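Student: One structure follows; several queries about it will come next.
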Amino acid sequence: MEHLQKSTYGTIVQGPEAHCVQESSCLRILLVGKSGCGKSATGNSILRRPAFQSRLRGQSVTRTSQAETGTWEGRSILVVDTPPIFESKAQNQDMDKDIGDCYLLCAPGPHVLLLVTQLGRFTAEDAMAVRMVKEVFGVGVMRHMIVLFTRKEDLEEKSLEEFVTHTDNRSLRSLTQECGRRYCAFNNRASGEEQQGQLAELMALVRRLEQECEGSFHSNDLFLHAEALLREGYSVHQEAYRCYLAKVRQEVEKQRRELEEQEGSWIAKMICTVKSCWSSHTAACALLIVLGLTLLTTFINLCISRCK
């Protein structure tokens, strides 16, 4: 696209796969979100090739974590697709293995967690997926998150900024604020210049995120364990892999408790704020309660009169 300004990283080009995890300059992107939200199709759009199996249906076809590579004008890019591990019903005996393998594929840690959600369809399941991402990767993960909306074509004449700004979905508004208003949209059926433009927008956000994080990637104790296992060669030492999965279980449980403590602390602060407001504005609060009860009584009487 001639009028499109290139980012620092340039444009995606196809090429042979490489183990770019070993390269210090490798950009690691981890796809997260609920099942069937379009993670695999988004990965294919980023790489501009059918690297991940993707079907147009509401159920996930990704059963295990999968890593594929591409380049962005000389810089290697690793894209990791994930199985259904970010939802409450995903708790099963293979959960530890799925999470552990995901850590191994994007060790020493992702620069970007790309939360994929369908435009206009941010549901309670999506909100649960966000919470599960925090449980799996730690409460600090939002610092490295970008929200990517699929079905960009549904915007029609409306801009994405307008959609996000005027949405009445409180959970979505809270999410975009929490991740620093880093979001973009993809039409995963796009090709040519349209696809190129989408990629340029995403990479501009990636560049902004890396500047904000001073080039750092998301890491925690479990990523350190994953790196140690990779150095040992876990394919040969199965006992080391079993010990690693035990650490996965322990660390995820620890991160879950930390998240609950953080949420509990926030609720406690809100209660203290309400109490403070009540004690200093007792008369005003009492008046609001009386007015509320009056309006409720009037509404009930109106409903009764209409039913007669």
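Indices start at 1 and increase along the chain as displayed.
Glycine too: its Cβ is placed from the backbone N, Cα and C atoms.
Per Swiss-Prot, the features are:
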TOPO_DOM  1-283  topological domain 'Cytoplasmic'
DOMAIN    24-227  domain 'AIG1-type G'
BINDING   Gly33, Lys34, Ser35, Gly36, Cys37, Gly38, Lys39, Ser40, Ala41, Ser54, Arg151, Lys152, Glu153, Asn188  GTP binding site
TRANSMEM  284-304  transmembrane segment
TOPO_DOM  305-308  topological domain 'Mitochondrial intermembrane'
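Neighbours and distances for these, please.
Tutor: In the three-state DSSP scheme, Glu153 (GTP binding site) falls into the helix class.
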Student: Among all protein chains shown, how many Cβ atoms are found within 10 Å of the Cβ of Glu153 (GTP binding site), not counting that one?
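Tutor: There are 14 such Cβ atoms around Glu153 (GTP binding site).
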Student: Most Cβ neighbours within 10 Å: which of the binding-site residues Lys39, Arg151 is it?
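Tutor: Neighbour-count leader: Lys39.
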Student: Suppose we draw a 10 Å sphere around the Cβ of Ala41 (GTP binding site). How many other Cβ atoms does it contain, all chains included?
Tutor: 20
Student: Any same-chain residues 6+ apart from Cys37 (GTP binding site) with CB under 8 Å of its CB? Would you list them in sequence order, or say none?
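Tutor: In sequence order, the residues whose Cβ lies under 8 Å from that of Cys37 (GTP binding site) (at least 6 apart) are Val116, Thr117, Gln118, Asp126, Ala129, Thr150.
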Student: Using a Cβ-Cβ cut-off under 8 angstroms and a sequence gap of six or more, which residues of the chain neighbour Gly33 (GTP binding site)?
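Tutor: Non-local contacts for Gly33 (GTP binding site): Lys39, Phe86, Leu115, Val116, Thr117, Asp126, Ala129.
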